[in-house]
């Protein structure tokens with residue numbers, strides 16, 4: 001990893017991997033021939049990168065999402081810079097947020113997508129919350145692994161995001177419809193439409209899950 005010391009050392013997943021001997025620090029300007037996971041990549045990591053990962057590994061830029069402008073990305077040298085596709089963070093800082101993966105999640109994602117599950121699981125096992133990354137992203141990763149090229153990955157990502165948007169709209173419309181139905185109708189007072197006061201809360205809780 002290229003570590004720019006933006007994060008609290010006690011909470012930095014990259015530094016923890018380094019302390020465990022599972023990752024090496026690189027100096028700025030040092031060339032790396034493997035896959036580099038970086039927000040400045042021009043194509044998405046895909047199963048077609050498997051040979052590159054097998055031969056040369058994976059690297060990541062360890063920096064703060066809030067300080068991307070401070071990172072000299074032009075000095076990070078690799079012919080294989082890659083973006084990650086749509087995935088959900090499960091780290092304690094950004095849990096549930098799309099795209100906001102930390103260092104170990106980014107590396108694990110690259111390993112999962114290129115078929116090196118054992119490597120990903122070894123890294124994630126070092127964190128108490130690590131198991132949740134696969135649990136939350138399993139369905140997404142499995143769909144990405146049906147792709148062949150970076151272009152396939154782009155198309156799959158667009159399809160997934162369109163499905164998420166459609167599901168969100170559907171859930172909102174259903175919730176609004178439920179809210180309308182739960183408004184007391186004076187013509188049906190005392191009938192089946194006179195729902196208990198707790199019914200609305202139960203319905204909302206089920207929807208949120």
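Keep in mind that glycine also has a Cβ here, set from the backbone N, Cα and C atoms.
Automatic prediction, not curation, is the source of TrEMBL annotations.
Residues or ranges marked as S-adenosyl-L-methionine binding site in TrEMBL: 13, 61, 84, 99.
Residues annotated as domain 'RNase L inhibitor RLI-like possible metal-binding' in TrEMBL: 1-31. Taken as a whole, the domain 'RNase L inhibitor RLI-like possible metal-binding' (1-31) shows an average pLDDT of 83 in this prediction.
Annotated domain '16S/18S rRNA aminocarboxypropyltransferase Tsr3 C-terminal' per TrEMBL: 35-161, in sequence order.
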Inset, instruction - Run through the Cβ atoms and count how many others sit within 10 Å of the one on residue 84 (S-adenosyl-L-methionine binding site). - result: 22
Legend entry - Same-chain residues at least 6 apart in sequence whose Cβ lies under 8 Å from residue 13 (S-adenosyl-L-methionine binding site): 91, 102, 103, 104, 105, 127
